[in-house]
Amino acid sequence: MAQLYYKKVNYSPYRDRIPLQIVRAETELSAEEKAFLSAVEKGDYATVKQALQEAEIYYNVNINCMDPLGRSALLIAIENENLEIMELLLNHSVYVGDALLYAIRKEVVGAVELLLSYRKPSGEKQVPTLMMDTQFSEFTPDITPIMLAAHTNNYEIIKLLVQKRVTIPRPHQIRCNCVECVSSSEVDSLRHSRSRLNIYKALASPSLIALSSEDPILTAFRLGWELKELSKVENEFKAEYEELSQQCKLFAKDLLDQARSSRELEIILNHRDDHSEELDPQKYHDLAKLKVAIKYHQKEFVAQPNCQQLLATLWYDGFPGWRRKHWVVKLLTCMTIGFLFPMLSIAYLISPRSNLGLFIKKPFIKFICHTASYLTFLFMLLLASQHIVRTDLHVQGPPPTVVEWMILPWVLGFIWGEIKEMWDGGFTEYIHDWWNLMDFAMNSLYLATISLKIVAYVKYNGSRPREEWEMWHPTLIAEALFAISNILSSLRLISLFTANSHLGPLQISLGRMLLDILKFLFIYCLVLLAFANGLNQLYFYYETRAIDEPNNCKGIRCEKQNNAFSTLFETLQSLFWSVFGLLNLYVTNVKARHEFTEFVGATMFGTYNVISLVVLLNMLIAMMNNSYQLIADHADIEWKFARTKLWMSYFDEGGTLPPPFNIIPSPKSFLYLGNWFNNTFCPKRDPDGRRRRHNLRSFTERHADSLIQNQHYQEVIRNLVKRYVAAMIRNSKTNEGLTEENFKELKQDISSFRYEVLDLLGNRKHPRRSLSTSSADFSQRDDTNDGSGGARAKSKSVSFNVGCKKKACHGAPLIRTVPRASGAQGKPKSESSSKRSFMGPSFKKLGLFFSKFNGQTSEPTSEPMYTISDGIAQQHCMWQDIRYSQMEKGKAEACSQSQMNLGEVELGEIRGAAARSSECPLACSSSLHCASGICSSNSKLLDSSEDVFETWGEACDLLMHKWGDGQEEQVTTRL
């Protein structure tokens, strides 16, 4: 690496040193430019104004200059939130550039308002925008003000920009192949991806959605789903898109948190976004918004307590106080309703509008009846497997038994129910539910079993020993398929566990584990096939016949396993069962004395066991553990979401009767069929247009109702957004706390206030100051002060040292020097007295400010106290009663000889302070006025042009440092 810095070899004692130098040096600022930027930093309005005026005349200062951090004067003013200096700079036509973006990122609302209202004068010569942005811009070209404001999620700034009618580019679809997307991706794929990410980051801002969307809940649903799908395509930015998707989900959930009544909740959850569907009055109170939330997998929204409370109320309709009842009462009630489900179903078939017919339509009763029907079906399957009705086992085509005839209506009822569900919800929605796929497989197996039994009954009439049947006999295949369908039917009962709070999370964890098993099987099958191919290739030549083996048995199922790797299928079986320890090692032996072949085969077999058992199996366990832990961490949300999907399946109209009663046509079904047949094949003529007028009237009424419902929805959304914004701002202020930025703002306010006080004092000179790193000027001042201070240590804190009876009073380092006030003696007395009366309240307010910051209450007195908590021992100093007179020059000289010398007063011990103060006479009631007056009359004694309160910023720094450490000591200066 050293070769990058020097090339020739140097054998000097310092040859192991690497010379360093600045290779990318920047243009240095002049002394005037440094002073200009420093004045902007400190908030010195007068100095900045003077520098700008001189720049317009003499062109000695580049008002668009930048400090080493790339900040111009305008950016510094924005960072310090100094709006007065910002307005002053804009009035002098400084270069704006990215100032608006900078103000938005700093979240300075006042600066944003000022920049939005700023209009550049026409014809002015600005610095070229391209050069400035290319060199110093902190933002990419695709970032717009509204996008950056949305990234910061500042509601006030977003509102200001939206009122200006700003726009955001519309992102294309995820897999868009238009010319613009293809060309942009080919030219610069990184910029294309970053630009799309920035757009989606802006669109996902909760404040922007709340302000600009008519239906913010639906917008959050769709945007969250789109971002989730986009994370699967943009794998490089998967984490960012998933975070934005989660942000949209939480926004919809937080918005629903603001609902305060059941009416608001019902209006939100029953609202439809498609007006064509809203025109059907029978489909209004069907929780349309909640169905959309389930469709887009908005688990946080669905599991929200307000939503769950409304769902529970609808679910237990007709059973008030159900949750407060004892579990024994609940069990007996459910068992009673379950045993009565046949009578309730018959009552509904006969009279759907009767009390019993309406009772079975309730969601909870419907769930109990369907569960009881399915348990009855499982009980009959158990009877069929136990062969309660004995038949001849050797009949090739046996007729159906009584139990099988009883099972058939249930199977037909299940098939009819699945057909109706697919017809109502659509094929796409049907296949997205895994339980529907399981039902489809189960019903297919039952249909195949019934078909094969019919074929066997028709084709085979005789009796024959079962041992002599061929392998693919229809009866044998039907029995195998019926056994598999019994397993699936029993496992289907797990779906009902979702209704229970204890078994529901376990059922969800089981589903996640099945996904992990499928992922594991993909890798395992690859390993299995690889080793099966190798072992079969090695042992193919050593295959033996069955007659050569004991008991004429060939394969791994024999008492003595043999030919384990003779064929590919046999090898796959052998390797699979070896995972469970069911394969012996001697299967790798061969009858020939080929020890090398046996060694290679045993090594391959051992390697397979190590990979499958030690590596893959432990990986599967880790994956399943991770899935379970993921569910356990979000058990409440996952379970409530799954339970809601179960409940919603019973809230819908239709599917009231459980199998097998659902296959029986009801009078209502005959009525619907007759109306459809009459309207389709026998249309009636309507010469008077009576039906047309009736349809138009009903359409108008439904449309008016939909408009009213939409208006109610917009009112509720408006209230929810207001509450959400108020809560968001309140939480942000609560969580913000005290940060370093707060102390910087406090320091900036004190610095600005200091210059304002100096302007109020008047007669302040504006010296040109240099921000050079050399400390020559400071050392010169210190040497000057040291000359008058004797052997005292140097200190940056300089204050007045007033002699009183030839004894000095030491004060806190609050005031450095007083500027020279030329011509002060010539002013009239009224003017000086008015100035003194004006300055008094200002310093009183300053004392109150410092006392409040220390947590103390300060009462305004004739002698104001100024307290600074800087962790130093308390010291007190009182001004002497300085008698001021402007009558004649002699009296002024006599007053000047009262041993009032300006020097440096350091912070010392508090010892002797009381003694010194007791020797001094009491100060006048307006000590500050006396001090200002004597300073004006003795201006010739002041040989320093420094500001009055130059050390306030340093005292504030020390104050903040000590205040953070919890040291609340006080230094009090009495003026």
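Positions of Cβ are set from backbone N, Cα and C atoms, glycine also.
The feature Ca(2+) binding site is assigned by Swiss-Prot to Glu418, Glu421, Asn436, Asp439. The annotation disulfide bond is assigned in Swiss-Prot to Cys553-Cys558. Per Swiss-Prot, N-linked glycosylation site is recorded for Asn461. Annotated intramembrane segment per Swiss-Prot: 326-360, in sequence order. What Swiss-Prot records for 766-795, 816-838 is region 'Disordered'. Sequence annotations record features per position, and here Swiss-Prot assigns repeat 'ANK 1' to 30-60 based on similarity to another entry. The repeat 'ANK 2' annotation in Swiss-Prot covers 69-97 and is backed by similarity to another entry. According to Swiss-Prot, the repeat 'ANK 3' annotation covers 98-124, on the basis of similarity to another entry. The annotation repeat 'ANK 4' is assigned in Swiss-Prot to 141-170. Residues annotated as topological domain 'Cytoplasmic' in Swiss-Prot, with similarity to another entry given as evidence: 1-325, 420-433, 498-512, 625-975.
Taking the mean position of the Cβ atoms of Glu418, Glu421, Asn436, Asp439 as the Ca(2+) site, the remaining residues of that chain whose Cβ falls within 8 Å of it are Gly417, Met422, Tyr430, Asp433, Trp435, Phe440.
If you average pLDDT over the topological domain 'Cytoplasmic' (498-512) in this model, you get 86. Taking the C-alpha positions, the distance from Cys558 (disulfide bond) to Glu421 (Ca(2+) binding site) comes to 49 Å. According to its DSSP assignment, the residue listed as 'N-linked glycosylation site' is coil. Counting only same-chain residues at least 6 apart in sequence, those with a Cβ under 8 Å from the Cβ of Glu418 (Ca(2+) binding site) are Asn436, Asp439, Phe440, Asn443.
Distance between Cα atoms for Asn461 (N-linked glycosylation site) and Cys553 (disulfide bond): 34 Å, as a whole number. Beyond the ends of the topological domain 'Cytoplasmic' (420-433), by six or more residues, the same chain brings 295, 652, 654-655 to within a C-beta distance below 8 angstroms of the stretch. Comparing Cys553 (disulfide bond) with Glu421 (Ca(2+) binding site), their Cα atoms are 52 Å apart once rounded. Around Asn461 (N-linked glycosylation site), a 10 Å sphere centred on its CB holds 10 further CB atoms from the protein chains shown. Using a 10 Å Cβ-Cβ cutoff, Asp439 (Ca(2+) binding site) registers 21 neighbours.
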